[in-house]
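Accompanying notes for the structure given below.
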Amino acid sequence: MYSPSRKDFIALTLSDQHSRSYNNGKHRRQSCWRKWKQLSRLQRSLILFLLALLLIFGLLFYPSFSEQWGACSCAVCVCVCVHSGMSDKAVREDWDEDWERGLKPIPPGVNPVAGPAGGPAVGLAGVAVGPELDPGLGLAAAPGLIPEVIPEPRRPKVPSIPKPPAKKRPFPNKRGPPSLQKERNVSDSLVKPAEKVPVEKAEEKEGEKPLVSWRGAMIEADEATEPPPSAHEKDAPVPVNPEDTAPLAPVSVKPVDRLEMVREAFRHAWKGYKEFAWGHDELKPVSKSYGEWFGLGLTIIDALDTMWILGLKEEFEEARKWVETELSFSKNVDVNLFESTIRILGGLLSTYHLTGDEMFLEKAKDIGLRLMPAFKTPSKIPFSDVNIGKGTAHPPRWTSDSTLAEVTSVQLEFRELSRLTHDPQYQEVVNEVMRLVHKLPGKHDGLVPMFINTNSGQFTHKGVFTLGARADSYYEYLLKQWIQGGKTEPDLLEDYLEAIEGVKKHLLRTSGPRKLTFVGELNHNRFNPKMDHLVCFLPGTLALGAHNGLPEDHMELALQLMETCHQMYIQMETGLSPEIVHFNLQPYDGRDVDVKPADRHNLLRPETVESLFYLYRFTKDAKYRDWGWDILESFNKYTRVPSGGYTSISNVRDPVNPGPRDKMESFFLGETLKYFYLLFSDDLELLSLDKYVFNTEAHPLPIWQLPPV
């Protein structure tokens with residue numbers, strides 16, 4: 001029998017220990033795996049994420065790796081690759097190319113800047129981006145501006161210069177009291193940093209430019225205002241001194257050409273009208289069709305003087321040719337006396353004065369004569385509707401009343417037509433209307449009801465007083481007729497001054513939270529804190545009166561109301577005012593402005609921009625220009641249609657889905673863009689307010705120069 005030696009015993013012992021150690025290790029590994037499997041999927045994912053994060057930080061802070069790659073995060077690299085259509089291999093080769101040429105990737109957080117003269121802008125990783133876009137506008141930016149990153153197809157790479165630090169612009173759609181929203185009052189010579197918003201690629205149709213989806217509104221990537229660089233310029237590398245490691249000096253930023261931005265907006269609107277609605281009254285930009293009201297090409301006539309003022313010669317000439325060869329008033333069609341007077345007659349008279357072209361005066365005579373049957377009523381208060389082909393007139397089908405604003409807001413145009421034609425009949429009929437209204441009972445401290453009967457000549461629906469729809473331009477035309485006639489008609493001035501006192505006594509209130517001054521309504525002695533956007537004509541009218549020697553407190557009230565109209569914009573999420581607001585009168589913290597669902601639409605109205613124009617002309621305070629610029633940017637963000645034109649929207653409280661209404665009113669070209677241009681113009685003699693008075697459709701008519709006595 002074998003007896004193990006000491007040596008065998010030691011070997012057997014060691015073998016047994018090794019076996020137990022192996023089994024214990026295996027057991028521990030199995031135990032760890034079982035514990036790992038017992039963890040929830042979320043716990044396992046969190047542990048793996050932390051480990052990956054530690055690995056990434058280790059790589060980033062590893063000295064030799066950080067020196068070459070730490071300036072560019074993986075996420076940015078992937079973003080550039082994907083959007084420029086580059087494969088992984090192409091990217092690696094591209095980086096190798098850069099290092100061989102002495103170029104380094106752009107550090108994260110640096111926005112692209114315009115390249116050398118004639119060259120493209122450059123973006124992340126040296127990839128050129130273009131054409132330059134201004135995200136705040138949704139438009140092609142002016143040359144030389146620093147755009148945000150807009151991914152584009154791969155182009156030659158040039159070194160980038162860091163963007164100078166800029167103060168972050170407050171979000172224009174922020175809700176809350178104005179004290180929490182910092183006012184901006186910077187010089188027009190500075191570019192304001194645009195709001196950074198997620199940008200998505202929209203569908204690209206074959207043969208069309210790419211579109212950008214901008215927070216619910218489709219914004220077009222238009223061409224830049226500079227010609228594209230040549231192939232030689234694109235390929236030419238920019239010399240770089242690799243030894244120069246000093247930080248680069250801030251880049252000088254060219255001023256935003258606000259006037260050019262207005263011209264671009266007009267061209268874009270005109271493009272849509274010309275392509276889809278030429279010769280018709282209004283453009284329906286979303287459906288790429290047109291709307292008809294009178295069938296007289298309202299948009300063309302309303303925009304004539306705007307094109308002349310903006311210096312758009314090509315567009316003006318094609319419009320003039322249409323008026324000369326296509327416009328005919330010999331149509332069996334009913335037109336509204338007020339609307340056709342302020343838009344058609346006013347537009348033709350204004351364009352005649354600006355151009356001296358007799359053709360426009362002849363057309364004005366034609367339409368003026370065809371509107372005269374409206375005044376053939378028992379009371380001499382005109383009917384609302386005229387058939388310009390048959391020479392007949394009638395009230396609306398549902399009533400024999402006319403609205404007071406309509407019958408008292410045709411005077412500037414008919415008076416001027418008499419002066420030019422030396423035919424007194426036009427002025428006589430409109431002056432008679434003013435004489436009748438001047439002595440009518442039923443006023444309330446100068447405030448007038450909204451309706452007047454064409455048979456009796458008396459006010460109807462008494463007890464309701466407003467400066468909004470159906471009454472607004474009555475007060476405006478009291479002052480402007482007095483100015484137009486050389487301040488020689490005391491009844492007009494008396495009625496105007498009495499009306500402003502009535503406004504202050506009965507309609508003026510302040511909101512509870514922020515003490516905003518506003519103009520409400522009176523309904524049978526019951527105050528309603530409701531204010532139409534239309535009332536925002538009043539700050540400009542008050543300022544115009546003060547400029548012409550009326551009491552100084554008119555200007556003080558104008559400044560207060562201008563602030564209120566501004567708040568009606570900035571307290572909305574889209575930065576655009578609703579049609580109607582209600583003010584909060586309760587003295588506790590909260591919003592000043594409340595908007596009912598049915599009142600949240602915006603029709604591209606001009607009244608606030610009009611008053612900003614007057615206030616800037618008389619005060620020279622640059623903040624009014626800045627406020628106007630904010631409004632123009634919001635129009636471009638939420639109402640601009642890629643194929644051409646701008647659309648009214650249904651909900652100014654919803655920046656994601658503002659709800660386009662598919663209509664561009666003629667007054668957007670006739671009034672809104674014109675007042676934008678005049679607001680931003682440094683030429684204060686352009687349509688001097690000492691020489692011209694604007695009708696309620698923004699058509700300038702000359703102030704009469706009376707012969708010396």
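Heads up, the Cβ atoms here are built off N, Cα and C, so glycines get one too.
Per TrEMBL, the feature transmembrane segment maps to 45-65. Look at TrEMBL and you will find 149-211, 224-249 tagged as region 'Disordered'. Look at TrEMBL and you will find 193-209 tagged as compositional bias 'Basic and acidic residues'. The active site, proton donor annotation in TrEMBL covers Glu339, Glu579. Per TrEMBL, the feature active site maps to Asp472, Glu607. Sequence annotations record features per position, and here TrEMBL assigns Ca(2+) binding site to Thr696.
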Query raised in the report: For Glu579 (active site, proton donor), what residues in its own chain, 6 or more apart in sequence, show a Cβ-Cβ distance under 8 Å?
Result: Asp532, His533, Asp599, Arg600, His601, Asn602, Leu603, Arg605
Report summary line: Cα-Cα, Thr696 (Ca(2+) binding site) versus Glu607 (active site), nearest Å, comes out at 10
Report summary line: Asp472 (active site), Cβ-centred 10 Å count of other Cβ atoms over all protein chains shown, is 24
Report task. Can you check which residues sit near Glu607 (active site), meaning Cβ under 8 Å from its Cβ, same chain, 6 or more apart in sequence, and list them in order? Result -> His533, Leu534, Val535, Cys536, Phe537, Cys565
Query raised in the report: Among all the protein chains here, how many other CB atoms are within 10 A of the CB of Thr696 (Ca(2+) binding site)?
Result: 25
Requested in this report: List the residues of the same chain that sit at least 6 positions away from Glu339 (active site, proton donor) in sequence and have their Cβ under 8 Å from its Cβ, in sequence order, or write 'none'.
Outcome: Trp293, Phe294
